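Enquirer: Grabbed the feature section from Swiss-Prot, which reads as follows:
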- TYR10, TYR33, ARG102, VAL103, ASP104, TRP105, ASP106, ARG113, GLN114, TYR115, GLY116, ARG117, GLN123, VAL124: mRNA binding site (BINDING)
- 30-108: domain 'RRM' (DOMAIN)
Amino acid sequence: MSASIDLSSYRDQHFKGSRSEQERSLRDSSTLYVGNLSFYTTEEQIHELFSRCGDVRIIVMGLDKYKKTPCGFCFVEYYTRAEAEAAMRFVNGTRLDDRLIRVDWDAGFVEGRQYGRGKTGGQVRDEYRTDYDAGRGGYGKLLSQKIAPNTDNR
């Protein structure tokens with residue numbers, strides 16, 4: 001494998017199975033995790049970009065688990081491993097909606113994984129962010145709650 005398609009060190013802590021089963025699933029998978037998306041990026045934009053590398057079987061958009069709105073990630077599944085490898089090689093680190101996107105191997109989509117795992121419903125990384133990122137909802141969610149103006153007029 002070339003460096004661009006090697007497995008990263010990230011492992012899904014909610015994976016049902018042993019570490020070696022997860023490694024095997026990642027090495028055989030044709031599913032990719034796509035991160036650092038704008039909350040405004042559409043499924044159509046993702047399909048247009050990723051279909052340049054092969055036939056996309058399905059795209060599952062990541063959603064805020066409470067609001068059911070996009071929260072900056074998705075899963076892209078191809079029909080073959082070779083197509084997914086091409087996407088890892090050519091799409092990882094490219095720009096989509098003025099954002100550098102991250103592409104990583106995924107062991108395969110399981111129902112429920114489309115929802116953010118953060119306390120506020122979105123992604124954990126967006127809860128603690130201290131910078132302002134308009135494409136990902138402004139300031140981090142937990143920071144925004146702490147600095148929200150007093151609206152009860154006291």
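Glycine too: its Cβ is placed from the backbone N, Cα and C atoms.
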Enquirer: For ARG102 (mRNA binding site), just count the other CB atoms lying within 10 A of its CB, please.
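Expert: Taking every protein chain into account, the count is 16.
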Enquirer: Let me know how many other Cβ atoms fall within 10 Å of the Cβ of ASP106 (mRNA binding site).
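Expert: The Cβ of ASP106 (mRNA binding site) has 22 Cβ neighbours within 10 Å.
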Enquirer: Give the number of CB atoms, excluding that of ASP104 (mRNA binding site) itself, located within 10 Å of its CB.
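Expert: Taking every protein chain into account, the count is 15.
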Enquirer: Could you give me the DSSP helix, strand and coil counts for the domain 'RRM' (30-108)?
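Expert: Helix/strand/coil tally for the domain 'RRM' (30-108): 18 helix, 31 strand, 30 coil.
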